[in-house]
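**Student:** First the structure, then my questions, so here it is.
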Amino acid sequence: MTNFYKVFLAVFILVCCNISHAVVSFIGSTENDVGPSQGSYSSTHAMDNLPFVYNTGYNIGYQNANVWRIGGGFCVGLDGKVDLPVVGSLDGQSIYGLTEEVGLLIWMGDTNYSRGTAMSGNSWENVFSGWCVGNYLSTQGLSVHVRPVILKRNSSAQYSVQKTSIGSIRMRPYNGSSAGSVQTTVNFSLNPFTLNDTVTSCRLLTPSAVNVSLAAISAGQLPSSGDEVVAGTTSLKLQCDAGVTVWATLTDATTPSNRSDILTLTGASTATGVGLRIYKNTDSTPLKFGPDSPVKGNENQWQLSTGTETSPSVRLYVKYVNTGEGINPGTVNGISTFTFSYQ
């Protein structure tokens, strides 16, 4: 009976008594690992759908509700900082580099992953605005979670990433609260992981070099500047994996910096005052030339197919155009390259 009374009294005192002054202590770990040890993640995406974010279906992260014990009106927020180099951005959020091929999106915040702040840059930033505990004991936690990002065009491959330091979160006392000598900063490292990256693309069924014979015309068929006459036509055909949307860019092989819609004639041409324009299908607007690159969003890139087409094709029409410089008859030769982007 006496022993029971002592236990009951101890519990009663712990519950009933208020904390009359601000207190804080560190009860976490200064070094923390993010994600499972030796994680392995797999995904499939179109070859040029980059940067490609791995959505693993769960959070690759670290969370701990008990990093600091606080009480007695102590006010605390959190700041976060990423130490990895910024190699790009996606929807306003920094992409941080791990290797040449693999990057990270990073979120930091309090214990709840869903309230994490999307990190940008390499400066300290507010990741949890904070709160003031009442006259009782409680805890302050934190969380970090990441998503891998494929950065570069490649064939299907496996990428291994070694353990890497990410950055830090620090406790930020405010409203007169002070941490004193208490540990305020904790560090994070990403555990090693492997990405099994499968890419989808297309195969060109048309020969890689296509010669279009241009019809002979008279100068009288192009009487005014801007007048056009059909010179020739050809088609491009591909066989694609399911879900691939094909985009294409025409590049002027003679003048690669050309961004107009008139193809430069080669040095072998003897005619002057005439140029070539290229149209696709039934479009009334000619295609413009752009850089020789498969990068998503390349200048003057145009959509050739949708993701529902596995055997896409495009009909191309080449037209003579009067450039307004006075036509002198002769031969006309032009070279354009096509670069496909599988998105």
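Residue numbers in this text run from 1 along the chain shown.
Glycine is no exception: its Cβ is also placed from the backbone N, Cα and C atoms.
As the structure is a computational prediction, the values presented were derived from the model and not from experiment.
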**Student:** From the candidates Cys75, Cys202, select the one that Swiss-Prot records as forming a disulfide bond with Cys132.
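**Tutor:** As annotated by Swiss-Prot, the paired cysteine is Cys75.
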**Student:** Relative to the mean position of the Cβ atoms of Ala65, Asn66, Asp110, Thr111, Ser138, Thr139, Gln140, Gly141, the recorded carbohydrate site, which additional same-chain residues have Cβ within 8 Å?
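**Tutor:** For the carbohydrate site, the extra neighbours are Asn64, Val67, Trp68, Leu142.
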**Student:** Look at the binding-site residues Asn66, Thr111 and tell me which residue has the greatest number of other C-beta atoms within 10 angstroms of its C-beta.
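**Tutor:** Of the binding-site residues Asn66, Thr111, the most buried by Cβ count within 10 Å is Thr111.
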**Student:** What's the number of neighbouring CB atoms sitting within 10 A of the CB on Gly141 (carbohydrate binding site)?
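**Tutor:** There are 17 of them.
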**Student:** If you count other Cβ atoms within 10 Å of each one's Cβ, which of the binding-site residues Ser138, Thr139, Gln140 has the most?
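**Tutor:** Compared across Ser138, Thr139, Gln140, the most Cβ atoms within 10 Å surround Gln140.
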**Student:** For Ala65 (carbohydrate binding site), write down the residues of its own chain that are at least 6 apart in sequence and whose Cβ falls under 8 Å from its Cβ; none is a fine answer.
**Tutor:** Thr111, Thr139, Gly141
